[in-house]
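Colleague: Pulled the feature table from Swiss-Prot, pasting it below:
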| type | residues | note |
| --- | --- | --- |
| ACT_SITE | 24 | active site, schiff-base intermediate with substrate |
| ACT_SITE | 57 | active site, proton donor |
| BINDING | 56, 72, 73, 74 | substrate binding site |
| MOD_RES | 24 | pyruvic acid (Ser) |
């Protein structure tokens, strides 16, 4: 099994840092659902301002708030206004790689979604990997395995 990117919140801005909370990162459920990030799921966080890299788990904040709050020890690594990348992952067999389409959301400075992208890996006629980034289809969540669900 290989660890593969499942979804990303790319360039989201930290809205608060709460050192006295028990830990985690608090995120808007709308962003999580669209990127396929689950509550209590462990995520990697990469701070574009400082280069800090940490791992923590997700808790859900207020829907529609566009929040991104680092809690507990994680609050020491990211400050309000920092731009970060949040990534979840899955373990799959290499043969399943062409079957997934990780969802990537990009953000403006107010944490509104700017773009919805999908990472795509296919094999060419010679069995070599080919990677592409495409605008996402109209999905209600990231497709981890099998066909994505289409929003009616």
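Glycine residues also receive a Cβ, built from the backbone N, Cα and C atoms like all the rest.
In terms of burial and nearby residues, how do these features look in this structure?
Modeller: Taking a C-beta cut-off of under 8 angstroms and a sequence separation of 6 or more, residue 24 (active site, schiff-base intermediate with substrate) has the following same-chain neighbours: 56, 57, 58, 59, 71, 72, 74.
Counting every protein chain shown, the number of other Cβ atoms lying within 10 Å of the Cβ of residue 57 (active site, proton donor) is 15.
Around residue 56 (substrate binding site), a 10 Å sphere centred on its CB holds 19 further CB atoms from the protein chains shown. A strand conformation is recorded for residue 56 (substrate binding site) in the three-state DSSP classification.
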Colleague: Residue 74 (substrate binding site) has how many other Cβ neighbours within 10 Å of its own Cβ?
Modeller: 23
Colleague: For a quick check of packing: other C-beta atoms within 10 Å of the C-beta of residue 73 (substrate binding site), how many?
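Modeller: Other Cβ atoms within 10 Å of residue 73 (substrate binding site): 14.
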Colleague: Show, in sequence order, which residues other than 56, 72, 73, 74 on the same chain lie with their Cβ within 8 Å of the centre of the Cβ atoms of the substrate site.
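Modeller: For the substrate site, the extra neighbours are 23, 24, 25, 54, 70, 71, 75, 76, 77.
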Colleague: Give the helix, strand or coil assignment DSSP yields for residue 72 (substrate binding site).
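Modeller: The three-state answer is helix.
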Colleague: Just how spread out is the substrate site if you go by the largest Cα to Cα distance in Å among 56, 72, 73, 74?
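Modeller: That value is 10 Å for the farthest Cα pair.
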